[in-house]
Amino acid sequence: MSQTLDIERWNLECEFNNLDHHTDLNGADRLIVRRGQKFTISLYLRSGNYQPGLSSLDCVVETGPQPSEENGTRASFGLSAVIDTSRWSAAVTSPPGNTATLAICSPPDAPIGRYTLTLGQSGRIEFILLFNPWCPGDRVYMDDERSLEEYVLSQDGIIFRGSAKYPVPTPWNFGQFESGILDICLKILDMNPKCLKFPGKDCSKRGIPTYVSRVLSAMVNCNDDKGVLLGRWTNNYDGGVSPLLWRGSVEILRSWDRQDCLPVRYGQCWVFAAVACSVSRALGIPCRVVTNFNSAHDTNSNLVIEQYIDEKGALMKSREMIWNYHCWVENWMTRPDLKSPDFNGWQASDPTPQEKSHGVYCCGPVPVRAIKEGELTFKYDAPFVFAEVNADVDYFMKKADGSQSKVTYTSTVGQKISTKSVGSDAREDITHLYKYPEGSDEERATFEKANHQNKLLQQQEQDQGLHLTIKVGSDIRKGCDFDVFAVVTNNTESQKKCRLVFGSCAMSYNGNVGENCGFKDLLNVELSPGAERRVPLRLNYSKYGGLITEENLIRLAALLLDYSGGQPMLALRNIVLDNPEIKVRILGEPKENRKLAAEITMQNPLPEPLEECCFSIEGANLTGGHLRLHLGPGEDAKVKIYFTPTHSGLRKLVVDFNSKKLCHVKGYRNVIIGK
């Protein structure tokens with residue numbers, strides 16, 4: 001006859017279990033484990049001894065507000081001889097005695113979240129269950145330790161911004177293991193509309209990573225729900241924070257939590273993506289931030305972006321845009337719903353609110369492989385992501401009399417698709433994961449499958465005799481005056497007489513253009529056969545300095561009209577002005593819980609003083625500081641800022657400089673913190 005174990009107390013062995021389950025960076029004050037992997041707790045018996053085959057214990061686990069066995073959110077089980085990793089099971093692994101080591105295991109597809117475990121009549125314990133990319137049975141399993149270190153455990157990283165010709169690395173503190181962040185991530189799941197309306201059904205689906213990542217895609221923005229971030233793409237950030245001021249996800253998530261789920265103001269694409277990455281990693285889904293340069297925003301799903309210019313080459317407003325860059329995330333998981341293992345692996349998911357998907361502002365997850373192969377019927381939102389990296393761009397010139405004409409323009413959407421490399425801050429180009437080489441047979445087959453008729457039938461007669469490009473120097477710094485060049489080449493055997501309109505304007509990263517920064521209109525550009533002419537355009541800081549946005553972007557446009565006929569020819573180029581370099585030097589030996597000094601050096605590049613200057617420091621598991629000062633024209637700043645690392649390991653120390661005239665200058669240094 002079996003005898004129920006009479007438990008007096010227990011020890012959850014949080015330090016051992018959390019370390020074994022790769023959750024130790026969350027601390028050791030509570031039990032946080034991963035599914036499909038056993039954890040052990042020590043039971044201290046009030047009376048009697050544990051006897052193999054004779055002792056019994058009824059266990060019940062529950063999660064969510066409406067736990068049920070039917071929905072997989074409740075399970076009852078007793079003691080087994082050995083652990084069964086395919087279901088909830090328990091086994092005593094210690095020899096007979098008045099203490100017992102109880103091993104417990106969840107199935108690898110169990111819903112994630114907060115759990116209670118009832119041990120017979122003795123009481124109940126609480127723990128958190130997460131996805132387990134170290135478990136082969138979990139849909140998020142990743143068979144590479146270096147990749148797991150990067151995409152799950154790394155608390156900081158690099159997000160690439162700038163332009164296709166000049167990708168700019170921006171350091172970011174994901175901070176998924178910072179105090180309170182995991183609880184906030186679980187709260188995000190609880191506040192999603194599906195959970196608020198059907199809590200039992202929602203919790204039952206939290207074992208499915210495609211479902212969870214789609215919920216996160218919707219909840220990181222606030223357009224339909226009590227989401228985390230409100231987006232804004234103007235230069236007015238009253239009532240909130242400029243997206244360029246954020247250095248990490250931690251303060252954003254904590255602000256959302258403190259404000260009772262009111263949205264944090266403001267985010268743009270890289271901020272939305274970075275927060276989604278933090279939440280995904282916190283929950284155990286391998287995740288990385290991806291940047292697509294020259295990213296198309298196709299509103300009508302025809303895979304063609306139509307842009308209009310006036311007779312001076314100035315871009316006219318349009319709902320369809322080419323973003324200088326756009327960021328989203330990729331989550332790693334299998335896709336059993338798609339019936340083919342070819343589409344397992346990285347799945348693109350975009351939390352930036354652009355277009356609705358099934359009535360909600362979210363996008364993905366869609367297999368990256370499906371985008372490459374043109375499988376546009378695959379869930380979710382494949383046509384939109386396909387267009388972001390493959391759409392055609394057609395330019396038309398609208399004339400004063402109301403007529404319009406096609407403009408010859410050659411450009412490629414979806415360039416230098418980038419992410420941080422595993423184990424280093426270098427840029428990894430992953431364009432080949434999204435598209436085949438341009439002009440290849442595979443690319444043509446993909447377009448045929450995707451019914452990309454504009455690409456397939458593009459046999460326009462183009463005048464190859466004239467060639468127009470824009471060239472710039474290698475050293476284009478904010479604060480300097482510099483030249484850019486329109487280069488016209490006559491490859492015909494006849495004399496050419498043309499009109500060249502060459503202009504520049506401020507722009508934001510999402511393609512919106514601002515005021516004119518410099519312009520010239522040459523009515524008589526004559527070129528003999530085989531001749532090349534370089535036409536300079538001087539950009540002066542005195543003019544562009546007060547016009548450009550905080551992103552330091554200027555759009556160059558050259559429009560060439562051949563008086564002998566033929567289509568007008570357009571060349572475009574976006575340039576990013578360099579900010580000054582911030583140099584960081586650590587003084588002393590870095591050790592956890594020891595105050596350290598960082599020596600920071602930077603030169604004011606502007607021909608005017610910088611007022612209300614502030615240097616600040618941030619990093620994962622770092623208590624940072626800040627320092628205010630004044631800088632004269634061309635003056636060097638050399639300051640010390642003190643900070644305290646609270647954990648050992650490799651940390652990215654991010655330094656941010658802001659002033660009225662020079663904003664969001666970032667520098668960083670990787671620091672190894674000893675114990």
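Using N, Cα and C of the backbone, Cβ positions are placed for all residues, glycine too.
As the structure is a computational prediction, the values presented were derived from the model and not from experiment.
Here TrEMBL flags 261-353 as domain 'Transglutaminase-like'. Along the domain 'Transglutaminase-like' (261-353), the predicted structure has mean pLDDT 92.
Per TrEMBL, active site is recorded for Cys269 (among others). Within the same chain, residues at least 6 positions away in sequence whose Cβ sits under 8 Å from that of Cys269 (active site) are Trp323, Tyr325, His326, Cys327, Trp328, Thr352, Tyr509, Asn510.
Summarising the annotation, TrEMBL assigns active site to His326 (among others).
Sequence-distant neighbours of Asp350 (active site): residues of the same chain at least 6 apart with a C-beta under 8 Å from its C-beta are Ser217, Phe272, Ala273, Trp328, Val329, Cys362, Cys363, Gly364, Asp381, Val385. Annotated active site per TrEMBL: Asp350 (among others), in sequence order.
Residues or ranges marked as Ca(2+) binding site in TrEMBL: Asn390, Asp392, Glu438, Glu443. The Cβ neighbour count for Glu438 (Ca(2+) binding site), using a 10 Å radius over every protein chain in view, is 8.
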Helix-strand-coil residue split for the domain 'Transglutaminase-like' (261-353), DSSP-based: 21 helix, 40 strand, 32 coil
Among His326, Asn390, Asp392, Glu443, the most crowded of the recorded positions [Cβ within 10 Å]: His326
